[in-house]
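Here's the structure we're looking at; comments come further down.
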Amino acid sequence: MRINLGMAMVCMVNTTAVIEPEKLDFIPNTTFKDDVVCVRKVDSVSMANSGYHGSLLWTSSMQSLLFSATFYGSLITIIPSGYLADRFGPKLILILAVLVYSIPTLFTPFLATTDFYAFFFARVIMGLGEGFINPSIASMAARWFPVSERAAVANLYTSGNQLAGTIGGFASASLCSLNFLGGWPLIFYIFGSLGCLWCVVFMIVASSSPDKNKWISSHEKEHILTALSQNSRKISLSSVPWSSLFTSKALIVIYVAQFVFNCNVTIMQSFLPAYFRDILLLDLKSNGFFTAFPFITQLIAKNVYGHLSDHLTKNGILTPTTSAKVFQGIYSFGTAASFVGLALFVNCQTASLALILLGSYGVFFASGMTGFYISQISVAPKYTGIIISTSLFFGMIANVLSALAFGVLNPYGSEVEWQHVFLILVALNMFSGVLFMLFGSADQQEWAVVKRKKIRVFSVDAEKKQRSSLKQ
C-alpha cells in the first residue's frame, strides 16, 4: 500500500501543469558531458500518448511531502511498538496496525481529489499503523522459529516487500491505464480491500506464539517452545538494558546501516517510476516493468542468500559475525557500484543498461537482509522487538529526510539532479559498509545474556533417608 503510491503518483499528477512555464526550457536530460543527449517533451499531448494523463496539480515538493507523510506517523509509534509486541504479543497489534493502514488507503481517491492536506493527514495516520508492523513481525518470528533458521526465515518473511514491488509495479501500471473509475483510484481500492481481507484471515489462522496455535501438532509446539524458551518470555521495562541499547558498538553500526538502508528504500521505491518517466522517457507500460524488475531480482537473491548464510554458519564454514560482514559488504559496496553506473552511464538511449544495473542493484541490495538485519535479531535475542523498533526509528528518520531532501535536490527531475541523488547514495552506502566491516557483529552480546537463577532440586526419597539417618 505504501510502495504503490510511487507508481500511482506518475498517473495522478499533471506533470505539464506543475512545471513553471519559464522553466520548461531548462529540463534537458544532460549528463556530466556537455552534449545534450535526451530532451524531455513535457507538453500534455506527449505525456498523454505515453500513458500519463493525471489531473492533480502537485509540485515536486508537495509529492515529496506525501511520500514522507507515513514516516511522520511511524516516528511516533515505532519505539513503543517493539516493547508492546514483546510484552503483550504481536498478533492483535499487527492486525490493528494493518487495519489502520488499510482503511485510509480505501479513502485515498476521495481525499486526494478533495484536499491535499487531508490526504497528507490520512497518510500520517497510516504511518501510525506502519510503525507497529515490522517490530511485530520480527517479534512473532522470534517466537516461532529456531535460531538455526534465523537467516532464511528473516529473508522469507520480509519477501513481502519484494512481492509488493513486483506485483504492485505491474498491477498499478495496468490499473492506471484503465478508464474505469479513472484508473489510478483502483490501485487504492483494490490494495486497501486486500489489506482488510488479510486482517480477517490472519485473525483466524495466526497466533502470537506456538502454544496458542490450534493448527500445529503437539510435537511441533514442543520443538519450537524448547528451542525458543529463552526468547518467548515476557519482559518488563525495568529489565531492559537501555544504556547498552544505545552505547553498544554492535548496535550503533546497525542503526547506521538501517539509516542508509532506508535512504535507499525511499528513493528506489517512491521515486523510481518518476525516474523512468523523466530520464529514460519510458511509457507507462514499460515503466511498470522497469519498476518491478529490481524487486524481482531482490526476491530471488534474498532467499538464496538466506539459505546460503544458514549453510555457512551451520557447517562452521563462517562464524555468524563473519557471515554477516560478508553479506553486508556485498550489499553496501555492490549497491554503491550500481548507483555509480546509474549516475554516470545511463540515459534515455541506454535503457537496457539501466535495466541491467537495476537488476544488479536488486541482487546486491537483497544481501543486506543477511547482513545487518541478521545482526539485529542476533545480538540480543531477548530484546529483538525493542532493538528492531529502535533501529527502525532511525530508519524512519532516514525515510523522512531522504524524501524531503529529494524534493530539494530534484525539483525539476533533470538527469543532472538524478546524478547528484545517486552519488549521494554511493557515499552513504560506502560509509555504512566500512563502518560495519570494522565494528559489526552477529554474536549475542554479553549484556544481553539472560542470567538464570539457580534452583536447587531435592529428591523426596533422598530427604527421607537423610532424616532417618539423623534420627539413628
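Residue 1 is the first one shown; counting continues down the chain.
Glycine is treated like the rest: Cβ placed from N, Cα and C.
Because TrEMBL annotations are produced automatically, they should be read as predictions rather than curated entries.
Here's what TrEMBL has on this protein:
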type     : residues : note
DOMAIN   : 1-444    : domain 'Major facilitator superfamily (MFS) profile'
TRANSMEM : 65-85    : transmembrane segment
TRANSMEM : 92-112   : transmembrane segment
TRANSMEM : 118-142  : transmembrane segment
TRANSMEM : 187-206  : transmembrane segment
TRANSMEM : 252-276  : transmembrane segment
TRANSMEM : 326-346  : transmembrane segment
TRANSMEM : 352-374  : transmembrane segment
TRANSMEM : 386-409  : transmembrane segment
TRANSMEM : 421-442  : transmembrane segment
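Among the stretches 92-112, 187-206, 252-276, 352-374, the one making the largest number of Cβ pairs under 8 Å with the transmembrane segment (421-442) is 252-276.
Sequence-distant contacts of the transmembrane segment (187-206), counting only residues of its own chain at least 6 positions beyond either end whose CB sits under 8 Å from a CB of the stretch, comprise 1, 4, 7-8, 91, 94-95, 98-99, 101-103, 105-106, 108-109, 168, 171-172, 175-176, 181, 213, 215.
The transmembrane segment (352-374) makes no contact with the transmembrane segment (92-112): fewer than 3 of their CB pairs lie within 8 A, with pairs spaced 6 or more apart in sequence. Comparing 65-85, 92-112, 326-346 for CB pairs under 8 angstroms to the transmembrane segment (118-142), the maximum falls on 65-85. Beyond the transmembrane segment (92-112), the same-chain residues lying 6 or more positions past its ends with a Cβ under 8 Å from any Cβ of the stretch are 1-2, 12, 56, 81, 84-85, 118-119, 122-123, 125-126, 128-133, 136-137, 140, 181-182, 184-185, 188-189, 191-193, 195-196, 198-199, 202-203, 208. Within its own chain, the transmembrane segment (326-346) has Cβ neighbours under 8 Å at 31-32, 257, 260, 264, 279-280, 305, 309, 318, 353-354, 357-358, 360-361, 363-368, 370-372, 374, 418-419, 422-423, 425-426, 429-430, 432-434, 436-437, 440, counting only residues six or more beyond its boundaries. Model confidence over the domain 'Major facilitator superfamily (MFS) profile' (1-444) is summarised by a mean pLDDT of 83.
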